[in-house]
Each structure stands twice: as C-alpha cells, then as structure tokens.
Amino acid sequence: MPKQKVAILGPGSWGTALAQVLNDNGHEVRLWGNIPEQINEINTRHTNSHYFKDIVLDEAIKATLDLKEALADIDAILFVVPTKVTRLVAKQVAQVLDHKAIVMHASKGLEPGTHERLSTILEEEIPAQLRSEVVVVSGPSHAEETIVRDITLITAASKDITAARYVQTLFSNHYFRLYTNTDVIGVETAGALKNIIAVGAGALHGLGYGDNAKAAVITRGLAEITRLGVKLGADPLTYSGLSGVGDLIVTGTSVHSRNWRAGAALGRGEKLKDIENNMGMVIEGISTTKVAYEIAQELGVYMPITSAIYKSIYEGADIKESILGMMSNEFRSENEWHT
C-alpha cells in the first residue's frame with residue numbers, strides 16, 4: 001500500500017498504540033487532541049506518559065490541537081474518543097473536512113440516551129459525500145501490549161467490504177493483523193457489551209471467588225451478549241470470533257482491562273466515584289451497563305448479568321447479593337441463548 005495520511009482523533013492509550021502501528025507501516029500519522037500539555041509532550045518529548053511511562057514514540061508521529069490541520073489532505077480518519085463525545089467530535093469533523101476520506105472508529109460503547117452504535121452516529125453526523133462506509137476496528141487488544149509490538153489480531157468490519165479490506169491492509173504487519181467482517185452490528189455490540197461482563201468478572205475477583213465463577217460469568221455473559229445482538233440484527237457467528245469471544249476473554253480476565261479493574265474495586269467495596277478518580281481513564285462498561293439494561297428492558301431480552309451489574313451500580317444494590325441472586329434464577333437449557 002502507498003503511504004497514507006491518517007488522522008487519529010483521541011491520543012489516549014489505544015489511539016497512541018494505533019498511531020505507532022501505522023507509523024511502523026510507513027504511514028503519516030497525525031494525532032489530534034484537546035489537552036495542550038499532552039500534545040506538547042508528544043511533539044517535544046515523544047512520549048505520552050499519562051498512559052505509557054516508559055515508551056518513546058517515533059519522532060515522525062505528530063500531534064496537534066488544530067482539527068483543521070489534522071484533517072488537511074487526509075486519506076483516513078480514525079475516531080478513538082470516548083463514546084459520550086463521539087457525536088460532538090463527528091460534528092466538528094463534518095464542519096472542517098473538505099474532501100472524502102475513509103472513516104473508521106476504534107471505540108467501544110453505545111451512546112447514552114439514544115442507545116445508538118458509534119458507526120450510526122458517524123453516519124448521521126458526517127455527510128455521505130465526505131466519507132466511506134464506516135469501518136469498525138475492534139477485537140482483543142490491550143494498548144499496553146500493542147505499544148510494545150506484542151502479537152495482536154483484531155477485526156475490521158464494514159458494510160462495504162472494500163473499505164474493510166483497505167483498513168485491513170492499512171494496519172496489518174508482522175505483529176498486528178486484521179480480519180474483515182461485514183457484520184457491523186455484531187462487531188460493535190460485541191465490543192460494547194463485553195465491557196459489562198468484564199465488570200462482572202472483575203467483581204467476582206474482588207469478592208474473592210475463583211476461576212469457576214469467573215468462567216461462568218464470562219461464558220454466560222457471551223450468551224446474553226449474543227442474545228441482545230441477534231435481536232438487534234447481528235449474525236450470531238460474529239460472537240464466536242475475535243470481536244466476540246476473543247475480546248471477552250482478554251477484557252474479562254486481565255488486570256490490563258480498566259473495566260475488569262473497576263469491577264474488582266466494586267467487589268472490594270470501593271465507591272464508583274473513587275474508582276473513576278483513581279483510574280483517571282474512561283470506564284466504558286459503567287455507562288454501557290445502563291444503555292444495555294434499557295435496551296434489554298425495551299426489547300424484552302433476558303440479560304441477568306447485565307441486570308445484576310446495573311442494579312449494583314445504579315440502584316445501590318449490594319453487588320454480592322446481586323450476583324448470588326442469579327443462582328436462584330429459573331432453570332434454563334445452556335443452548336437457549338437466543339430466547
């Protein structure tokens with residue numbers, strides 16, 4: 001692939017790691033953010049120490065506070081901003097972008113209030129003449145591992161397979177590999193909903209439960225993720241792939257996962273506000289729990305783990321009692337994931 005110019009909107013941990021992947025592939029990378037100190041640090045010290053204390057970035061990776069500068073003559077745009085500001089940033093892009101570009105996102109969440117997936121938001125806010133079909137970049141990927149060039153395999157999903165293949169080629173190299181998919185609904189819901197299950201798995205750890213319990217919540221969590229996703233129009237096979245079970249494993253079992261760590265802290269009895277302040281990063285699983293619970297209630301989808309986490313976070317229920325309460329739920333067949 002010829003050298004591409006790529007704007008990454010959001011210089012957080014994942015945005016920075018993906019910037020390095022693209023730079024390794026010989027592409028021109030521009031990181032855009034709104035914190036002057038962070039942008040200056042990336043440009044002068046070539047570090048992003050809030051997320052990676054010991055990593056030095058290539059000097060070719062540039063950062064800017066100016067969105068117009070970031071998007072000038074760009075080939076592709078990657079959104080890696082928190083879910084709650086995706087619409088706002090998309091509106092800003094639509095005002096500045098003056099030519100057609102590939103539009104991608106690598107965030108995992110559902111918009112509070114509207115319950116919309118992020119690709120839908122980008123489609124609504126960026127005119128069709130300025131973008132490709134949106135490509136979703138998602139899968140089992142800790143930024144802490146990708147930044148040190150550990151082997152990572154994820155998914156590029158789009159309704160337009162040509163756009164997905166472009167992104168596959170753009171990112172893939174000897175340590176970072178993408179597979180394509182056309183099931184955007186499945187890939188996005190898998191990426192968003194697994195954060196809820198990771199909170200639950202972390203809570204079990206914080207409460208002192210062992211591997212049996214954690215395996216149970218991850219496996220049954222996959223069942224309810226699939227149940228809701230299929231109701232929304234997803235292909236059930238997607239949930240057995242990288243963006244489904246793959247992402248669920250990596251997020252639901254690792255201390256690198258902020259959602260798992262948040263759940264573990266909740267299990268130990270810590271207050272949510274204190275957890276969020278101590279972590280200093282967005283915990284998407286917290287807001288996604290509320291959105292998923294509301295969707296499940298509206299559509300009549302059985303999601304007992306999501307319900308238990310919701311009641312603990314938003315209704316003040318004891319998290320141990322909420323989780324143990326699932327043990328007395330109605331008996332079901334294991335294969336009834338679709339009901």
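Glycine too: its Cβ is placed from the backbone N, Cα and C atoms.
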* Asked: Swiss-Prot has K108, G139, S141, D247, S257, R258, N259 down as binding sn-glycerol 3-phosphate; which of K62, K194, K311 does it also list for that site?
  -> K194
* Asked: Swiss-Prot has S13, W14, K108, R258, V282, E284 down as binding NADPH; which of A76, A143, A223, A317 does it also list for that site?
  -> A143
* Structure fact -> Least surrounded, by Cβ count within 10 Å, of the binding-site residues K108, K194, R258 is R258
* Run through the Cβ atoms and count how many others sit within 10 Å of the one on E284 (NADPH binding site). => 24
* Asked: For NADPH, what surrounds S13, W14, K108, A143, R258, V282, E284 with a Cβ no more than 8 Å from their Cβ centroid?
  -> G12, S107, M281
* Alpha-carbon distance [G139 (sn-glycerol 3-phosphate binding site); E284 (NADPH binding site)] in Å -> 15
* How many whole Å apart are the CA atoms of S141 (sn-glycerol 3-phosphate binding site) and V282 (NADPH binding site)? -> 16
